[in-house]
Every structure is written in C-alpha cells, then in structure tokens.
Amino acid sequence: MANVVVIGSQWGDEGKGKIVDWLSERADVVVRFQGGHNAGHTLVIDGVSYKLSLLPSGVVRPGKLAIIGNGVVLDPHALVAEIDRLAGQGVEVTPRSLRIAENVSLILSLHRELDAFRESSNAGTRIGTTKRGIGPAYEDKVGRRAIRLMDLADLSTLKDKIERLLAHHNPLRRGLGVAEVDPAAIYEELASVADKVLPYMDIVWRILDGARREGKRILFEGAQGALLDIDHGTYPFVTSSNTVAGQAATGAGVGPGTLDYVLGITKAYTTRVGEGPFPTEQQNAVGDFLGTRGHEFGTVTGRKRRCGWFDAVLVRQTVRTGGINGIALTKLDVLDGLEEIKICVGYRLDGREIDYLPAAQAAQARVEPIYQTVEGWRETTAGARSWADLPAQAIKYVRLVEELIGAPVALLSTSPERDDTILVEDPFQD
Ligand code: IMP
C-alpha cells in the first residue's frame, strides 16, 4: 500500500489544500509534519469554503484520522480557536478524529512578540514572516528549552521549565529594550489551555506504525514550499523548518521507507509572499494580471503575493531536493487568454549561463532569467476534467513544463472545485 507525501515545490501557496483534500478521500490518516499556523489552506467542498491553518486538511472529512506530528510547532490557543471556528461551520473535531504528538513544541505569546518585534525593527533583518512566532519557537526547540505539549500534563514541573525558558528570553528582551516576561503570566497562558488540548495528545509514532502495519494509507501533508526550506530554500528568506519530503519522516516519527510517493504541488506560474529573491518576478502588467486572475492574496495574512512567470530552473531543483516523483499542476486557467507565455529555462550570472539556483544570497539576488516564449491560448481551461477539454497550446505548455523540470504531471487542477481535476496517475496506486 502506498503512502503519499505532498509538498509545495515553489514558495508555498501552490494550491495544496485542494489537492490534499482530494487525496485525503483516498487516505485513512492525514499527517502534518512541519510548520504551524503560518500555513493557510483553503478547501472548497460543495461550494463551502474552509480555511485551515494548523489542522491537517483531512479533518473536514468524516472517518479520517488527522494527526499533528512532532515536527510541527503548535500554538495551543490558535488550535482551540481553529477547532471552534470549524465547529461553527458544522465540522466537529474530536479526540477521535485528531491526535497530536506529545513531543510537539509549543508556540507561546513570547514567540509571537519576538517575531513581530524583529519584523518591525529597522535592523535590516526583515524576512516578511507571518508573525505567528514560528521562527522563535523552532529556535527554542533546537536550543533545548522549548515547552512541549506533554509538559502541560504535569503542571508541577511546568514552572521550572518556564524559568529555564525565561533565563534565555528575558536577557534577550532586556537587550532589545522590550519588557521582561513574568513567569506567572506564561504559566497562566499554558495552564488555561491545558484541559482543552490534552485530550488530543497521543504517542503519534506508535499510531503511525500501527497504521502502516495494518496497510492503511497515510497522507503526509506539507506546508509552505521547498524554496522556503531552512536548508534548501532562499536562505535567510525562508521559514524555520525543513519543508522538503525528507522532513515527513522525522516530523512524524516514521522511517524514510514509509514514504512511497512524493507529490509536488506546482503552480503554473510563480508567486511568493514576503521578502527575498524572485528571479522571474513581474512588477508590471503581467504580474498584475496573474495576481488579479489568480486571487493572489495570502490566506493567513491577507498580504498581496508577488507574481511572475513559471521558473523551471527552481522547480527542477526542488524536484531533486524535495524527492518529487510527480507534480500536481495547479491554476493553469490563470494563464488563459495570454497571447504569449514565458518560462524561465536557465539563469545568467555574471555573464555565465547556469542551470541551478546558487546558494549564496548575493548570487541569488543577481541571477537573471533566460526565458523561452511560447504561444498562449484563447480558450478557457477552467473546469476541464479531461485532456480533451484542453486547448492544444495548453497541453503543449504542460508537456514543456514536464520536460523542463524532469517530472511528470500526475494531477492537473483546473479550478478550486475538487472535482475539476484531471487524474493522470494516482499517487496512492500500488
Ligand atoms: P514564517 O514561516 O512565518 O517564519 O515566515 C517565513 C517566510 O515564509 C516568509 O516569507 C513567509 O511569507 C513565508 N511563509 C510562511 N508560511 C507560508 C505559507 O503557508 N505560504 C507561503 N509563504 C509562507
């Protein structure tokens, strides 16, 4: 039985929500393995729109087990708010449908404050984060001073853990000129939510091992995209977790052999939010066209996304670093009506042609795209459910993308509606 990992192959916002929902119908278990509520997935089911940030997309489908793995950073108050919001839409999340790893690290208010402070300072350190406290929470995890979910189950030891955490944070805050944190306030912040989140706590690696042995289908749901990976992305303009498929194993507690198929969600053009290099960015009428047509505004922060042409160099690279077996190509219809379409096929760097994105920050800022221009199509591709519904030029574009990135299109999504999908290869197939 195949297990599938879904990751974004660009800078996030590739349309993972719809594909994960579509795949979750075939899965028994859906697992988040990195990131936190910086993610924003919109699912449209029977015309009803659900916005998820922290919860695995499978949570809206009855009978599926949703899991938040240890690789996630969890804001317990945001979790409760999201569960309440879904309840208001008639979706009940219970400890039977959601399990959370006991060793997941928590995001606290002090992480959010530090994130926001750094982003608002003029020190030239702006990353354009979502200000959810993601980076500072991962710093504390790696710094071995994080408060983890299991710590809420033993309030007698929590005070010591908070002291240990504040021994780092308060001197830092003093140095930054920010008011120190009172340990009692953090204790209260955590104690007040403990009863609401502890019922979901479990030994996730064991549940997943059992599911695997029983031949259940597991879907690993990535957030953000491979170019925001802390190691393989456009550092330092990245998120603070590994977003490539390898992280699905460590972030959930399964061996790498459990990951059978990696599906890279890939938008037919490119977007990014926040700061950082973006070689094919179009700060012109083309960018405006893509942004307006594609409704390119952030699900979490509402920020306008930067837009540009498809960059085959970047996706070819993330096919390699992300271990992508096939892609789901999304938002092809946004290109409908363009007379010509450009695809970046290489870069020029200091007079030299290269076929990869260099790792150095300065070089990433300097690369100039080399474009191949192809003819567009007049007809609409929106809502197509078979290849026969697509104009010949659109099929040519898809074939060129496949050839340039070195991975096949397994799924083609032609509208936000889940049924408007062309299935070429079922990632769950044995
Ligand atoms: P952080 O994850 O909030 O620390 O933000 C770091 C970078 O990742 C910023 O450029 C964010 O805009 C970007 N980012 C974080 N989450 C998402 C997402 O779900 N989609 C797209 N970009 C994201």
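Heads up, the Cβ atoms here are built off N, Cα and C, so glycines get one too.
Features reported for this protein in TrEMBL:
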| type | residues | note |
| --- | --- | --- |
| BINDING | 12-18, 40-42, Arg305, 331-333, 413-415 | GTP binding site |
| BINDING | Asp13, Glu14, Gly15, Lys16, Asn38, Ala39, Gly40, His41, Thr130, Arg144, Gln224, Thr239, Arg303 | IMP binding site |
| BINDING | Asp13, Gly40 | Mg(2+) binding site |
| ACT_SITE | Asp13 | active site, proton acceptor |
| ACT_SITE | His41 | active site, proton donor |
| ACT_SITE | Lys141 | active site |
| BINDING | Thr299, Val300, Thr301, Gly302, Arg303, Lys304, Arg305 | substrate binding site |
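Features per TrEMBL, on structure.
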residue	record	Cβ within 10 Å
Lys18	GTP binding site	25
Asn38	IMP binding site	27
Thr130	IMP binding site	25
Gln224	IMP binding site	26
Thr299	substrate binding site	17
Thr301	substrate binding site	16
Arg303	IMP binding site	14
Lys304	substrate binding site	12
Arg305	substrate binding site	20
Thr414	GTP binding site	23
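Only Gly12, Asp13, Asn38, Thr130, Gln224, of the binding-site residues Gly12, Asp13, Lys18, Asn38, Thr130, Gln224, place a Cβ under 6 Å from an atom of ligand 1. Its Cβ placed at the centre, Gly40 (IMP binding site) has 20 other Cβ atoms within 10 Å. The substrate site is defined by Thr299, Val300, Thr301, Gly302, Arg303, Lys304, Arg305, and by the 8 Å test on Cβ atoms against their centroid, the other residues of the chain that qualify are Gly40, Val273, Phe297, Gly298.
The two recorded residues, Arg305 (substrate binding site) and Leu332 (GTP binding site), show a Cα separation of 17 Å. If you check the recorded positions Asn38, Thr130, Lys141, Thr299, Arg303 against Gly12 (GTP binding site), none has a Cα inside 10 Å of its Cα.
Gly15 (GTP binding site) has a Cβ environment of 21 other Cβ atoms inside 10 Å. Ranking the binding-site residues Thr130, Leu332, Thr414 by the distance of their Cα atoms from the Cα of Lys304 (substrate binding site) places Thr130 first. Residues Asp13, Glu14, Gly15, Lys16, Asn38, Ala39, Gly40, His41, Thr130, Arg144, Gln224, Thr239, Arg303 are recorded as binding IMP; their most distant pair of Cα atoms lies 34 Å apart. In this structure the alpha carbons, written CA, of Lys141 (active site) and Thr301 (substrate binding site) are 25 Å apart.
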